[in-house]
Amino acid sequence: MAAAAVGAGHGAGGPGAASSSGGAREGARVAALCLLWYALSAGGNVVNKVILSAFPFPVTVSLCHILALCAGLPPLLRAWRVPPAPPVSGPGPSPHPSSGPLLPPRFYPRYVLPLAFGKYFASVSAHVSIWKVPVSYAHTVKATMPIWVVLLSRIIMKEKQSTKVYLSLIPIISGVLLATVTELSFDMWGLVSALAATLCFSLQNIFSKKVLRDSRIHHLRLLNILGCHAVFFMIPTWVLVDLSAFLVSSDLTYVYQWPWTLLLLAVSGFCNFAQNVIAFSILNLVSPLSYSVANATKRIMVITVSLIMLRNPVTSTNVLGMMTAILGVFLYNKTKYDANQQARKHLLPVTTADLSSKERHRSPLEKPHNGLLFPQHGDYQYGRNNILTDHFQYSRQSYPNSYSLNRYDV
């Protein structure tokens, strides 16, 4: 009987214990990935600042990042068996029709090339800002991304926000203004470059949602496509700006530093590539709000590590402005999350009559093209749990929902 009792107790507690153990392992995995993400992000930014302080060629750093992305992603895509992008349909009927959906003929010039140009311009602007101003201040200015997204969504998508969302932007504005006024190493070109990079990231995030939703391309596959196309914008700029400046200056002091500089450029490119992959991995393990909190924490870590390692002079008021802006980003994400949860409750039908009513009042249907759905009249639809990040729009695949739902800026 005692043995039976023990056996029964083991049977009752076994699944719960296994579930608890699995949850602990999952939590440990997320924590380890977050710590690695923070270390790579902070280390990469410090390395970028060290490079640009001694080797003032920001386009070269951006080119190394793009090349690292193009070199590192294809093996990863093959290892993870990420499906290839759908083929582009021709102007007429294909003699060998594809078994899957096709992309429209103007997909690449209309969507991919503008996004690739945005990736190129945002990367160059971001490195110019790190070159001109401290890393801590550049990342504080990046905290203005929610402001840009709200403004651009209002202008482009005619999307209105709730009063709470607008109020949540006040700490971000106040923090950035306070950090700007008290920044001891302020540079106007650095501020303009950081704002331009943030604006470009915001536009990229908005329109990459449409591409991901309409094309059904995997986000890492799209990231690889954008990186390969961005090289064509980057190389001419590198030749005209960095290479020509180096050849004209004929400064041979760089020659003996080349091995060290090349090593730092390789480390910087690897850190940037690894950040993208780890950010994707974390996003697929946690909720959108948890990801936004992790990303805001990452920004705090980058600012803190850069202040400790680079020892740029700051005041207590300056630090207060930085932290206020970062906490404002978290408040914005929390407000958006609450608003989205409330909106989702209203979207769920309670009765059959509610369901029929929703069907009657549905917005214009998406227009099919070669098996894909492309929205009419700008009524864009996107997948759930879209997350705005510093470098690329990652999307957790799920059921379609409206554009205004589940968007978080970090």
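Just so you know, glycine gets a Cβ as well, placed from its N, Cα and C.
Remember, predicted model here, so these are calculated numbers, not experimental data.
In Swiss-Prot, the feature phosphoserine is assigned, of Ser287, Ser363, to Ser363; the remaining candidates carry no such note in the record. Contact between the transmembrane segment (282-303) and the transmembrane segment (312-332) is present: at least three CB pairs lie under 8 Å, with pairs separated by 6 or more positions in sequence.
Same-chain neighbours of the transmembrane segment (222-242): 57-60, 62-63, 66-67, 69-70, 73-74, 77, 85, 112-113, 115-117, 119-121, 123-124, 208, 211-212, 215, 276, 392, counting only residues six or more beyond its ends whose CB sits under 8 Å from a CB of the stretch. Looking at which of 50-70, 165-184, 188-207, 312-332 has the most CB pairs under 8 Å to the transmembrane segment (111-131), the answer is the stretch 188-207.
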